[in-house]
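Sequence annotations record features per position, and here TrEMBL assigns substrate binding site to Ser64, Asn114, Glu160, Asn167, Tyr191, Tyr243, Val261.
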Amino acid sequence: MADLQAILDSIYTDILPRVGEGKVADYIPELAKIDPRQFGMTIVTVDGKVYRVGDADIAFSIQSISKVFMLTLALGKVGESLWKRVGREPSGSAFNSIVQLEHESGIPRNPFINAGAIAVTDVVMAGHAPREAIGELLRFVRYLADDESITIDDKVARSETQTGYRNVALANFMRAYRNLDHPVEHVLGVYFHQCALSMNCEQLARAGLFLAARGSNPMTGHSVVSPKRARRINALMLTCGHYDGSGDFAYHVGLPGKSGVGGGIFAVAPGIASIAVWSPGLNKVGNSQLGAVALEMLAARTGWSVFGD
Ligand code: GLN
């Protein structure tokens, strides 16, 4: 394999002069305070080697990347019947679009836009009090990463609870279409806490390693999902993981990936490695600007694109 540390170092050298580009997610007041001049990246290979550069050990708000973990839990609970509640098509619209939800009668396009993720969270809540569902997710992510120190940042969750008006609208809409079984406040309470999961690049890359390794984490030996399910989650990340920037990400990077407005991107090179990159400045569609640039460099320098080198 190529010298991955040398590749990461070369990416860091090329990115450093640009650090600070993009705009932090100021619609969530607590995230508006984050200094955009940060960049970190970690690669964990399926044979258990870890490579890191920059601010890879600083915890950040994983936001929408949590949707991958919630989706994994929901599929484990209800299997393919999940797809009665949410679609599997790219949206081509903003992650918080209300128009599209009305147009599609309360069935969100995919599990990674906000409406779809809120429906997925509702599925995971079945039989649980909201607090228990949050606990289940936190335990799951700690188990995946094999790291008990992962926490949820209550300040971020509170900040979004106070200002997440669009999510309140989306959830009410779905409730009106009977696509939410639980009260809107409860579902959003869980959703805002899942988004507020606080992890660093290394914890995130470790937590998602099962998606690069046919559903099992080779570092812990934990079997998480079947190879088929891992493949399908990767397919959804490739087609829907970057909202209305998904086509562009596939074009430039060519890896399944999921972004969050905290500035993180989690990506998978199937059979090879999982990657987490973080830089808080976002582009126009709400994806980490330099995170995407760094992943494009990584794909070009390793030949890891799923579409060939
Ligand atoms: N918590 C954010 C929201 O619901 C997540 C959005 C994102 O990361 N794209 O708006």
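Just so you know, the numbers here start at 1 and follow the chain as drawn.
Glycine is treated like the rest: Cβ placed from N, Cα and C.
Asn114 (substrate binding site) carries a helical DSSP state (H, G or I). Proximity of Asn114 (substrate binding site) to non-local residues of its own chain (separation of 6 or more, Cβ distance below 8 Å) is seen for Ser64, Phe95, Asn96, Arg166, Asn167, Leu170, given in sequence order. Across the annotated binding residues for substrate (Ser64, Asn114, Glu160, Asn167, Tyr191, Tyr243, Val261), the two most widely spaced Cα atoms sit 20 Å apart. Within the set of binding-site residues Ser64, Asn114, Asn167, Tyr191, Tyr243, Val261, Ser64, Asn114, Asn167, Val261 have a CB atom less than 6 Å from some atom of ligand 1.
Around the Cβ of Tyr243 (substrate binding site), a 10 Å sphere holds 24 further Cβ atoms from the protein chains shown. Listed in sequence order, Ile28, Glu30, Asn167, Phe192, Cys195, Ala196 are the same-chain residues six or more apart from Glu160 (substrate binding site) with CB atoms under 8 A from its CB.
Between the binding-site residues Ser64, Asn167, Ser64 has the most other Cβ atoms inside 10 Å of its own Cβ, all protein chains included.
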